[in-house]
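Trainee: Annotation comment: TrEMBL describes B:12-36, B:56-78, B:120-138, B:144-164, B:185-205 as transmembrane segment.
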Amino acid sequence: MLRNRVRELRARHGYSQTALANRVDVTRQTIGFIEKGEFSPSITLSLKLAKELQISVDELFWLEEDLDE
Amino acid sequence: MNKNDFRIQVPLWNIALWFILIIWTYGVVYLVDLINGDFEGVFKVENGELTADFNVLPLSSVVIGLVLLIVFLIAYFFKLKRHNDEHPIKMNFITFLKPGEFLEDDELLKQVTENATKRIYIFYSHALPLLIFFMVIFPLDRYLYVVMLFLLLIGHNAMYYLEIRKFLSGNYKLHTSKRVKNNRFSKMFVTVMLVALIVAIVFPINRVNQIDQNQQELLSEYESCLNEGKTATIDFTGETTVRCD
């Protein structure tokens, strides 16, 4: 499963979900789904998010073994 | 994007359109059948005057359907215009390439739209063979099959709308336990197919049996008429009967 630190870093930068969504040109729902780990963003969106949150992509997203599978 | 976005409501408008067309086509099917069939039979001479003997219900349905259709199109046009004035993503009045209800603002919405359309693909791939089966087995009025096709379109739009509503309400899961859902759906499909198969076997057998019974009855009637020394003729117009003169 794809894990991420989007929620934590967004809070650190003081962005709301809508503000971050506007900065990377997606809807608020997309940020919500990424934060919950329910949606895996494309490479392009991952790079945009990493740039906005001033972090590298591999520090923002990482794979974690899913025990259910 | 929010719940007031017209694109979310488009499937409901489509459903309304299909309901209006169900009303309208009832009359249209009747009129087309009339023109292709017994059009001269509509006109009768009574007391030296030529009168038209139309069925009132289908004619009313054409008029009511047409009025509803015009009201619908005007309302749809105004709703669409308001949407285009208020939202950055514009919609076309008529488009044959990309339905207005498709949400493709970003990659998540593309995924949600893909999931919804995938469900509809599965729905059609099960519903259409069943409809073909019923059309082959049951020689019903063609208007009934027109209604069934409209009902498929209504079902398709309802499924799409519910899927998008679920997404907007926040209860949406992109990764559901598909295996459980598929199993339930497969069981339901197998049950429906089994029932359809039983009907397909029982219905023709019953019909053949009925025809055989009718023939036996006609034959005995025919023979008893001849035995009485009369002339027997079989009348095939309408229900087959034996005329004994």
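A Cβ is built for glycine as well, from the same backbone N, Cα and C atoms used for every other residue.
Quick one: where do these features end up spatially?
Mentor: Tertiary neighbourhood of the transmembrane segment (B:12-36): same-chain residues 42, 55, 57-66, 68-69, 72, 76, 79, 101, 142-143, 146-147, 150, 153-154, 157-158, 161, selected by CB-CB distance under 8 Å and a gap of 6+ residues from either end.
Non-local neighbours of the transmembrane segment (B:56-78) in the same chain are 13, 16-17, 20-21, 23-31, 93; each lies 6+ residues outside the stretch with a CB under 8 Å from one of its CB atoms.
If you look at the transmembrane segment (B:120-138), the same-chain residues 6 or more away from its ends with a CB under 8 A from one of its CBs are 145, 148-149, 152, 155-156, 159-160, 185, 189, 192-193, 196, 199-200, 203-204.
Counting same-chain residues at least six beyond the ends of the transmembrane segment (B:185-205), those with a Cβ under 8 angstroms from any Cβ of the stretch are 122, 126, 130, 133-134, 137-138.
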